[in-house]
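Asks: One structure coming up, written as structure tokens, with questions to follow.
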Amino acid sequence: MRGQGRKESLSDSRDLDGSYDQLTGHPPGPTKKALKQRFLQLLPCCGPQALPSVSENSVEDDFELSTVCHRPEGLEQLQEQTKFTRKELQVLYRGFKNECPSGIVSEENFKQIYSQFFPQGDSSTYATFLFNAFDTNHDGSVNFEDFVAGLSVILRGTIDDRLNWAFNLYDLNKDGCITKEEMLDIMKSIYDMMGKYTYPALREEAPREHVESFFQKMDRNKDGVVTIEEFIESCQKDENIMRSMQLFDNVI
Amino acid sequence: MAAGVAAWLPFARAAAIGWMPVANCPMPLAPTDKNKRQDELIVLNVSGRRFETWRTTLERYPDTLLGSTEKEFFFNEDTKEYFFDRDPEVFRCVLNFYRTGKLHYPRYECISAYDDELAFYGILPEIIGDCCYEEYKDRKRENAERLQDDLDSENNQESMPSLSFRQTMWRAFENPHTSTMALVFYYVTGFFIAVSVITNVVETVPCGTVPGSKELPCGERYSVAFFCLDTACVMIFTVEYLLRLFAAPSRYRFIRSVMSIIDVVAIMPYYIGLVMTNNEDVSGAFVTLRVFRVFRIFKFSRHSQGLRILGYTLKSCASELGFLLFSLTMAIIIFATVMFYAEKGSSASKFTSIPASFWYTIVTMTTLGYGDMVPKTIAGKIFGSICSLSGVLVIALPVPVIVSNFSRIYHQNQRADKRRAQKKARLARIRVAKTGSSNAYLHSKRNGLLNEALELMGTPEEAHVGKTTSLIESQHHHLLHCLEKTTVSPSPATPTPPPPLSGFRTHILKLVQLQKSKSVPFRVKSSEEAPEEWAVTEVGPALPCSALRPHPTLHPSHGPFSVTEAKGSACQSPSSNGQISRSCYGPQRRISGGPTLVLGDAL
């Protein structure tokens, strides 16, 4: 017959086995609260005023969260704090607000936006690291000020600032030094973004080898960790890295 | 990548800072933005309604009209905005597509208007968002069906002169309204089908007694009469079948079709009966074969649209009918088993076995209740009542689906018929309008003398007074006129519209001489002309119109206007016999400049 809206639930027999309620799609069986409520309603003594607190709290919470709207500080303050011009800030905010009408980006949202640029691979891990780097006050969300502050450093900062920011990105636990494990995580996330179907195919041990060569280059005193001074010093000596840092001058 | 996320590309590029320090090889050069403009607002004026948006919003989709340089064709320099002479309501949806990346289809909009607008703006309808896609597809399908219906009916109605005899015959069979013969044939076959069915029925009615024997059915009493009737009917049916077989475009397909099988089954018993004489062994089988004669009633489905719709409905509801059958079978088996075991105890029970209980269950579930099998135990009665109640439900469930299907198909058919009738009326009105306009052309040709004379005077007021037709119409008439001139043969024996008055002719001559002194609107290089080129010939219809033959050196894309220019003729002889003809210039006169509508203006 036509009109099969819920194709999954009608075409199999999960309902009959008691694991799926066909109409609502949730596991069947009323919750304890609702049962108690219904029972009490059946009794003639209790009027409809019984148990108003049994109402669904979670729905209201969700509703509140979605109506929370974060507004950034004024344009002038942002202009002072960052190195963007007024027009650039306007353009950035328009794009930001389009994707995140509530004014803040959650980690999920961030990952989803970032993954649209890398359809062939899995960019979620790298996006998490980025999110943690942008979220300077570690409150679980990135608002427009954080966003613009990060972009200002990367796109308009000095080379030292940029290297600082990159170090901050690599340092996952923010303790001031990069260990081999942290670097391995970062490397794996970058290789994940490439996806599985590259040619020639990326080998399993490629990230590890890459980490080894990185540490060989960066770790001056061979103590197994890379501190910020070692990092900046080594990067300044490397021609390629210096040149690549200049790529960010013309992004906006 | 969605349009809205394109705004986050700078962020994605900035996030690449994480790759730089770990990269082993140098990075490629970044693409530069050659014409780095500040983002600006552009104004889109659509039939007076102004929409404004950022330039970058539109440039998200560079392969559409608004996103590419194609919109520069619509740029209005005076008002510095882009003007589109299109529907503003649909433009709202189009612009929202650029803004949000999702194309929506408004329900109140006509599907073909919407499709036209999308095609104009270069947007493929396939990217309509999921929310509106189903609605769009439904409406599109309905529209396609409507167009197909129109096309079919058009094909049926157009008279193709070069049809072979076989094809005409097939068309006559399929559609009895094409010719009178077909209609006659249609009614004759219908009549004989009815006769055949009635004889089959009446044959078996007891007809009164012949003294000395028992009561006989009519068939045996008047066997000769009935045999003759049967023979006549079968002959007609056979002839019809053979004719259809001959006329069918694909005989193999025709033989396999349902109606042909019914035809064959309807006439076979007669022939088999002829072949077999009164052989006692097979006469029993022969009698059974006579049952098939009742299939002749199905031949009526060619004559009745309602019957065809019913058959089509049943075919399209096959799944519902199958479900009904299946559920009924399940219920029958369940209840039959239950009743059997419930009634097992009682003595002299009719429920001797489960299959025997099937009959009881069927009769009860369909609420027939013959009463030949009745439960006697209490348990049996309880289960029997449950059985009858559930029967009502099981049968009532799929029936509305079948009914609604039938209703939908029936109404669709009615709508198709109504549309065809409306279309006929509409075409008739269009025909009247067309003949009206061509009458207007002939009328204006006669009056063309008057108009051109007035034009020559050069004063705009009098020219306007003479103008009874609009500019477009007059240009159209000029075009037809030029075509006439192109194709008319140089021989003088052409029929003429009513000749102008002689006084009028002298008036024209005077006007022509007047014209020489003024600047001629239809001559481009007035300085080069010599007065004697205005030689007016009073007779001699041949000369002027040869100029309208296309000049070989001319670019082929120029229209008739430039052709006449190049030949240098301002040949505007008002009538084809060239009574008044300003003769041509020298044939080698070349006019520079593009194909200007000089002649058109002059007309």
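Using N, Cα and C of the backbone, Cβ positions are placed for all residues, glycine too.
The signal peptide annotation in TrEMBL covers B:1-16. Annotation comment: TrEMBL describes B:40-139 as domain 'BTB'. According to TrEMBL, the transmembrane segment annotation covers B:181-202, B:222-243, B:255-276, B:321-342, B:382-403. The region 'Disordered' feature in TrEMBL is assigned to B:553-588. Annotation comment: TrEMBL describes B:570-582 as compositional bias 'Polar residues'.
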Asks: Go through the chain and flag residues at least 6 beyond the ends of the transmembrane segment (B:255-276) whose CB is under 8 A from any CB in it; none is fine as an answer.
Replies: 230-231, 234, 237-238, 240-241, 244-245, 282-283, 286, 289-290, 292-293, 295-296, 298-299, 301-302
Asks: Summarise the model's confidence over the domain 'BTB' (B:40-139) as a mean pLDDT value.
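Replies: Over the domain 'BTB' (B:40-139), the predicted model scores a mean pLDDT of 90.
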Asks: Short question: which residues 6 or more past the ends of the transmembrane segment (B:382-403) have a Cβ under 8 Å from it?
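Replies: For the transmembrane segment (B:382-403), the far contacts come to 313-314, 317, 320-321, 323-324, 327-328, 331, 335, 338-339, 342, 360-361, 364-367, 369, 375.
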Asks: What are the helix, strand and coil residue counts for the domain 'BTB' (B:40-139) according to DSSP?
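Replies: So the counts come to 47 helix, 20 strand, 33 coil.
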